[in-house]
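Chemist: Below are the structure tokens for one structure; questions will follow.
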Amino acid sequence: MKATLVLFLLAQVSWAGPFEQRGLFDFMLEDEASGIIPYDPDNPLISMCPYRCQCHLRVVQCSDLGLDKVPWEFPPDTTLLDLQNNKITEIKEGAFKNLKDLHTLILVNNKISKISPEAFKPLVKLERLYLSKNHLKELPEKLPKTLQELRLHDNEITKLKKSVFNGLNRMIVIELGGNPLKNSGIENGALQGMKGLGYIRISDTNITAIPQGLPTSISELHLDGNKIAKVDAASLKGMSNLSKLGLSFNSITVVENGSLANVPHLRELHLDNNKLLRVPAGLAQHKYVQVVYLHNNNISEVGQHDFCLPSYQTRKTSYTAVSLYSNPVRYWQIHPHTFRCVFGRSTIQLGNYK
């Protein structure tokens, strides 16, 4: 009888199929046979895991499930909620009730066009909110004051209101690229309410000038792929903490005299793929600029003192990368002493004009 039982069990094992991964967390679990956590009436937190979602270590993953609305209940100790790549169209009030410990909310690549003003009210610890690739026409009202990172690129946003950002003093990163924004739709000083903001990206929009009234705390400003035609000194006034300025792929023809003096701590200047006719004034006097990208412009002449001071005194910080290739100027037309303050031959990229 025992022999028969053993043979039966062996047969059951031999009929079992190979391991098949069902979810992201399968290889993280030690006690479960799959990433699907079973219903457990004795553990209310596990039992609250939404159907077809995966819950583990305070992380709830409900991505790529074809959901058309937010599931009605989550474990209350959830810290990260992933709802990306679904078909959610609206975030209603109460959608995230009781999620007082939530730190990260991912709603990328849905069809969200409407968010209730009270939708995020329960999220008193939310730090990161990702709403990119949706159909939002305006920013949600009453954002949590605890937010540190907000990403809203590739939506349909046309206006930035000052009232939306007031009081968001913990915000560090904001991404607004890929929206049909125009300068007329950006309220003057709209972003000034974020006193600790360090990084802004407003790329691939319809803006024609650097937005006015940006927070003075910014260290990185990315405005690539817009329709900016000119950099004037006033637009950079007060930006004393700016270390990286990205203005590639615009239509800039001139950088006004005195502009670089307003950004005394600038280290990287990206002005490639524009319509510049000359090297921006003020580079030689700037103490900290290390990287200057000027390739793919219309620069036909490089002056002997455009990059270095007239004397042979060394700069406080040396250039590490200067690109001038794909400009009308020929390398043999540039005076041999033009880059006298640069150390390292590989630092300068001249190339040929095509």
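In case you wondered, yes, glycine gets a Cβ from its N, Cα and C as well.
Heads up, here are the entries from Swiss-Prot:
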type     : residues      : note
DISULFID : CYS49-CYS55   : disulfide bond
DISULFID : CYS53-CYS62   : disulfide bond
DISULFID : CYS308-CYS341 : disulfide bond
CARBOHYD : SER34         : O-linked glycosylation site
CARBOHYD : ASN206        : N-linked glycosylation site
CARBOHYD : ASN241        : N-linked glycosylation site
CARBOHYD : ASN257        : N-linked glycosylation site
CARBOHYD : ASN298        : N-linked glycosylation site
REPEAT   : 182-207       : repeat 'LRR 6'
REPEAT   : 229-252       : repeat 'LRR 8'
REPEAT   : 253-276       : repeat 'LRR 9'
REPEAT   : 277-299       : repeat 'LRR 10'
REPEAT   : 300-329       : repeat 'LRR 11'
SIGNAL   : 1-16          : signal peptide
Chemist: Work through the recorded positions one by one (CYS62, ASN241, ASN257, ASN298) and name whichever has its CA nearest to the CA of ASN206 (N-linked glycosylation site).
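Modeler: That would be ASN298, the closest of CYS62, ASN241, ASN257, ASN298 to ASN206 (N-linked glycosylation site).
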Chemist: If you count, for each of the disulfide-bonded residues CYS49, CYS53, CYS62, CYS341, the other Cβ atoms lying within 10 Å of its Cβ, which residue has the minimum?
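Modeler: Ranked by other Cβ atoms within 10 Å, the disulfide-bonded residues CYS49, CYS53, CYS62, CYS341 bottom out at CYS341.
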Chemist: Could you state the whole-number distance in Å separating the C-alpha atoms of CYS49 (disulfide bond) and CYS62 (disulfide bond)?
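Modeler: So the Cα of CYS62 (disulfide bond) lies 10 Å away from that of CYS49 (disulfide bond).
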Chemist: Who are the long-range neighbours of the repeat 'LRR 6' (182-207) in its own chain, taking Cβ under 8 Å and residues 6 or more past its ends?
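Modeler: Same-chain residues near the repeat 'LRR 6' (182-207) but 6 or more away: 153, 158-162, 164-176, 213-215, 217-228, 246.
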Chemist: By a simple count, how many Cβ atoms lie within 10 Å of the Cβ of CYS55 (disulfide bond), its own Cβ left out?
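Modeler: Around the Cβ of CYS55 (disulfide bond), 23 other Cβ atoms lie within 10 Å.
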Chemist: Using only C-alpha positions, which one of CYS53, CYS55, ASN241 is spatially nearest CYS308 (disulfide bond)? These are the recorded positions in the record.
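Modeler: Closest by Cα distance to CYS308 (disulfide bond) among the recorded positions CYS53, CYS55, ASN241: ASN241.
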Chemist: Consider the recorded positions CYS62, ASN257, ASN298 and say which one has the Cα lying nearest the Cα of CYS55 (disulfide bond).
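Modeler: For CYS55 (disulfide bond), the spatially nearest of the recorded positions is CYS62.
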Chemist: Counting every protein chain present, what is the number of Cβ atoms, excluding its own, within 10 Å of the Cβ of ASN206 (N-linked glycosylation site)?
Modeler: 14
Chemist: Hey, how far is ASN241 (N-linked glycosylation site) from ASN298 (N-linked glycosylation site), Cα to Cα, in Å?
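Modeler: Cα to Cα, ASN241 (N-linked glycosylation site) and ASN298 (N-linked glycosylation site) are separated by 30 Å.
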Chemist: Could you give the Cα-Cα distance between CYS341 (disulfide bond) and ASN257 (N-linked glycosylation site), in whole Å?
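Modeler: For CYS341 (disulfide bond) versus ASN257 (N-linked glycosylation site), the Cα atoms are 22 Å apart.
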Chemist: DSSP on the repeat 'LRR 9' (253-276): how many residues come out helix, how many strand, how many coil?
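Modeler: Tallied per class, the repeat 'LRR 9' (253-276) gives 3 helix, 5 strand, 16 coil.
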Chemist: Validating a neighbour-count step here. Other CB atoms within 10 A of the CB of ASN257 (N-linked glycosylation site): how many?
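Modeler: Summing over all protein chains shown, ASN257 (N-linked glycosylation site) has 12 other Cβ atoms within 10 Å.
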Chemist: Using DSSP, would you call CYS55 (disulfide bond) helix, strand or coil?
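Modeler: The residue in question, CYS55 (disulfide bond), is strand (DSSP, three-state).
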Chemist: Applying a 10 Å Cβ distance cut-off over all chains shown, what neighbour count does ASN241 (N-linked glycosylation site) have?
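Modeler: Excluding its own Cβ, the number within 10 Å is 16.
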Chemist: Tell me which residues of the chain lie with their Cβ under 8 angstroms from that of ASN298 (N-linked glycosylation site), as long as they are six or more apart in sequence?
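Modeler: Set apart from ASN298 (N-linked glycosylation site) by at least 6 residues yet with Cβ under 8 Å, we have LYS275, LEU276, LEU277, ASN327, PRO328.
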